[in-house]
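The structure appears below as structure tokens.
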Amino acid sequence: MNPYIMAFLYLCLILGTTITVSSSHWLLAWMGLEINTLAIIPLMAQNHHPRATEAATKYFLTQATAAATLLFASITNAWLTGQWDIKLMTHPIPTTMILLALSLKIGLAPLHTWLPEVLQGLDLLTGLILSTWQKLAPFSLLLQIPAYSQDLLILMGLASTLVGGWGGLNQTQLRKILAYSSIAHLGWMLIIIQFSPSLTLLALITYLVMTTSTFLILNFNNSKSINALATSWAKAPLMTAMTPILLLSLGGLPPMTGFMPKWLILQELTKQQLPMTAVIAALTALLSLYFYLRLSYAMTLTITPNNLAGTTLWRLSPSHPSLILSSATLTAILLLPLTPAMTALLNL
């Protein structure tokens, strides 16, 4: 793709997210979401591969459905209450419709089925944008709307953690595994969003850092399936040693960064007199942990079978700058000791 067109599309992505995050009017927020959707579709279809075209089409249809539902719900709210302001949602019916529309936008269960299929058809860098940047605008709206149906939020959050763990168990494609990982992490954020929005923001930031690091490592190794991970040791031995620690951080094991949001969320749920919700969420995290362990095993404890005719990939020099990759990886592993500072910063 022409670099000028690429730069224009990235600027439109930033513009759409900025409009949605900074708006207090539903029409402006809807417009920002639409700019965001229309900017990423050419990036998805740039490879001219049938899978990429299929992924872009599926993404367009689901986002158009969610945007139409969002617009209809906001118009209904204006008709019932005379208010277009995002924070003044007072009627439960349009509020619930908007919650479901935003859940479809970011891929929360039970409206998640499009996300693994779309992510599987994309290259890793476009998948990184879909899994990180595209979550910001809908999540900013979820943080602003008042929560009337607490039970619905908790139910959808638990369903997302369960589906995210269960769905990834049987996958061999890394992009689908990361899609289910995304669903599970978003479920954790949705469970706590009504009780502590600042804790949701902390969980979102740690998710963005860990997911960015994971996608960049897989792109560095050019690995798209579990079998391809076995050749990683020959390409980048140090990176191969760090990646299992990063994957366990994604799974939420101490003493890595990923343990921090899960620990604080479980603590907050206990404070809110919801011990059963905390127990179920902690048990569903074990499902996700299993497939992260599976990836770690495939990467470090197995060696790809090679015959004499095969050429082993050996110490490839990086063709792209690795400063972002190394910074994101270290951040995704070593931030747990800074938990007191972060909780003080976010007033948790």
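Yeah, the Cβs are placed from backbone N, Cα and C, and that goes for glycine too.
Whatever TrEMBL says is automated annotation, not expert-curated.
Residues or ranges marked as domain 'NADH:quinone oxidoreductase/Mrp antiporter transmembrane' in TrEMBL: 23-287.
The domain 'NADH dehydrogenase subunit 2 C-terminal' annotation in TrEMBL covers 289-342.
The annotation transmembrane segment is assigned in TrEMBL to 7-28 (among others).
Under the heading transmembrane segment, TrEMBL lists 60-80 (among others).
The transmembrane segment annotation in TrEMBL covers 92-115 (among others). If you look at the transmembrane segment (92-115), the same-chain residues 6 or more away from its ends with a CB under 8 A from one of its CBs are 33, 58-59, 62-63, 65-67, 69-70, 72-74, 76-77, 80, 134-135, 138-139, 141-142, 145-146, 148-149, 152-153, 156-157, 159-160, 162-164, 179, 182-183, 186-187, 190.
Annotated transmembrane segment per TrEMBL: 152-170 (among others), in sequence order.
Annotated transmembrane segment per TrEMBL: 177-195 (among others), in sequence order. Cβ atoms under 8 Å from those of the transmembrane segment (177-195) belong to residues 103, 106-109, 112, 115-116, 118-120, 127, 131, 135, 139, 142-143, 147, 150, 153-154, 156-165, 167-168, 171, 203-204, 207, 211, 214-215, 250, 261-262, 265, 268-269, 272, 277, 281, 284-285, 288, 291-292, 295 of the same chain, restricted to positions at least 6 beyond its ends.
Counting residues 6+ beyond its ends, the transmembrane segment (201-220) has Cβ neighbours under 8 Å at 124-125, 127-128, 131-132, 135, 139, 143, 174, 178, 181-182, 185-186, 188-189, 192, 235-236, 239, 243, 246-247, 249-250, 257-258, 260-261, 264-265, 318, 320, 322, 324-325, 328-329, 331-332, 335, 342-343, 346, 348 in the same chain. TrEMBL lists 201-220 (among others) with the feature transmembrane segment.
The transmembrane segment annotation in TrEMBL covers 232-253 (among others).
Residues or ranges marked as transmembrane segment in TrEMBL: 273-293 (among others).
Outside the transmembrane segment (323-346), and at least 6 residues removed from its termini, the chain residues within Cβ reach (under 8 Å) are 198-199, 201-202, 206, 209-210, 212-214, 216-217, 220, 239, 242, 245-246, 249-250, 254-260, 263-264. Feature annotation from TrEMBL assigns transmembrane segment to 323-346 (among others).
For the domain 'NADH dehydrogenase subunit 2 C-terminal' (289-342), the model gives a mean pLDDT of 74. Within the chain carrying the transmembrane segment (7-28), a Cβ under 8 angstroms from the stretch's Cβ atoms is held by residues 34-40, 42-43, 70-71, 74, 77-78, 84-87, 129, 133, 136-138, 140-141, all 6 or more beyond its ends.
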